[in-house]
Amino acid sequence: MAYQTIKTFYANKNIFLTGGSGFVGVSYIEKVLRSMPDVGDIFILLRPRKGQGIQERLDAIKNNSVFDVIKASEGSDVLLNKIKPVCGDISEEKLGLSDNDFSILCDHVNIVVHCAATLDFETDLKTAITINLMGTKRIVELSKQMKHLQCLLHVSSAYVNSNKNYAMEKIYDAPANYNDIINYALTMDTDKLNSSAEKIMGDHINTYTFTKALAEHVVNDAKNDIRTCIVRPSMIVASWKEPVEGWTVSKNGPQGFIMGASKGVVRRLPVNQSLIYDYIPVDVVINTIIAGTWFSAQLPKNTPTVDGQTPIFHCTTSTCNPFRWKDISSILTTTLHKYPIRGAVWYPNIKFLPNLFMYWISSAIFHFIPAYILDFVTKISGGRPILVRLHKNVNRSLSKLAPFIFNEWKFDNARTLRLQEELSVDDQSVFYIDPTSLNWTPYFINLTLGVRKYLHKESDKTMKQALKKDFFLFIANGGVQLSIVIGIWYLSSFITGTPMLANFWAAFIPIIFGYFF
């Protein structure tokens, strides 16, 4: 198709964004403002919370590190002033909008980007239906009333098809009738609904994938009334290139465990290093959202769909640039020591274990025993002990995450790769959506540096002190390990009543255990 360029298309367009305070939301705002300064206003749906009004929440968003590049350029105030807060709540009728705000959106918005969702895999079914399914339905209903709407883009998830080993860029049969599920949420007792979750969800892994799958059908059913598009990211991780390499504010997935590993408190993880894990950088996701909107908005009026469905774009790497932990595990610990953090509490050493059984055993030794000791020291020092509670929460979450950790999915992204070819040469450079050239080793080094800077909030100025502390912790860690070996050796000799040299084998017990666990 002979389309106008993306920048031309977005000029003077007003955007309505949900989920604007989240990882994807702030990344989207930043990219649109930085790359397309001629865009109109960006209305973001915000709800007051924790004593903060929407203006205070907007100020917090503008203070996000994602905007550092924009703030370093001229005219940043003009750009940031294009962000307009709208008071509302995705879980309320009519999104909780005032009549005035409702009218403004209906009269002025050209593009809707729906990112808001509950991402908690432990969320009960009632909450997931209210936010992920009913919230999407409310967005569709509002979009239908917008006088100048050109596209509604819905951010879904590749894992809506986690009940399939291989998924194409199409909408599969619904796991249930979404109107029936909404009716359950409105009429059934909450406890009864939640207790019936497994029966209702069928072969879906959790409430998140189930309700997000149904939400896609809500969007698809609107395809003949408004232009629609769905983008399905896999696990979204730190930026590849923009706004800077390794930028992140998300603690999900690899960023979370690297954050814990760099502090020395997460030392073991259950991971099958031979499986393909589908990770996608956040900047690629944002570019796909921008390009997907552009594509769908310009489809011919008589055929506003692709193969009779809302256009679907997979933001994934499993089929075009597969990632396996075995390819980078050897450099991960090295990177943690090359770029340590000053706030480390123990010497970092991360090891992957192939199943949960081995992890539980190892966790008891390498996580909980040190956690109880450090929490005791913290408590008597007047601090707040948190490590035991942290590891209990991690272990509880791992039980829920096990299907994602020990299963492999492949998501076909041929249509998304073709979308890259539809772009002009300039747009292909600015709005890159093809991840096949991503080199995972330098990427994860940059991600580790991003975790250090943006999650641990340690600048380059702390590196010299951090390296000194890392060396001190190395000596201390070695001393503790040696003490354990000698202690077990001596204890064995004492119990058996034989000389230590006759029980030299006992010294190998902790060494062998540490090798396997």
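Every residue gets a Cβ built from N, Cα and C, even glycine.
Mean pLDDT across the domain 'Thioester reductase (TE)' (17-289) comes to 95 in this model. The domain 'Thioester reductase (TE)' annotation in TrEMBL covers 17-289.
For the domain 'Fatty acyl-CoA reductase C-terminal' (366-458), the DSSP counts in helix, strand and coil order read 65 helix, 2 strand, 26 coil. The feature domain 'Fatty acyl-CoA reductase C-terminal' is assigned by TrEMBL to 366-458.
Feature annotation from TrEMBL assigns transmembrane segment to 357-377 (among others).
Counting only same-chain residues 6+ beyond the ends of the transmembrane segment (471-491), those with a CB under 8 A from a CB of the stretch are 264, 344, 346-347, 349, 500, 503-504, 506-507, 509-511, 514. TrEMBL lists 471-491 (among others) with the feature transmembrane segment.
The annotation transmembrane segment is assigned in TrEMBL to 497-516 (among others). For the transmembrane segment (497-516), same-chain residues at least 6 beyond its ends with a Cβ under 8 Å from one of its own Cβ atoms are 358, 365, 481, 484-486, 488-491.
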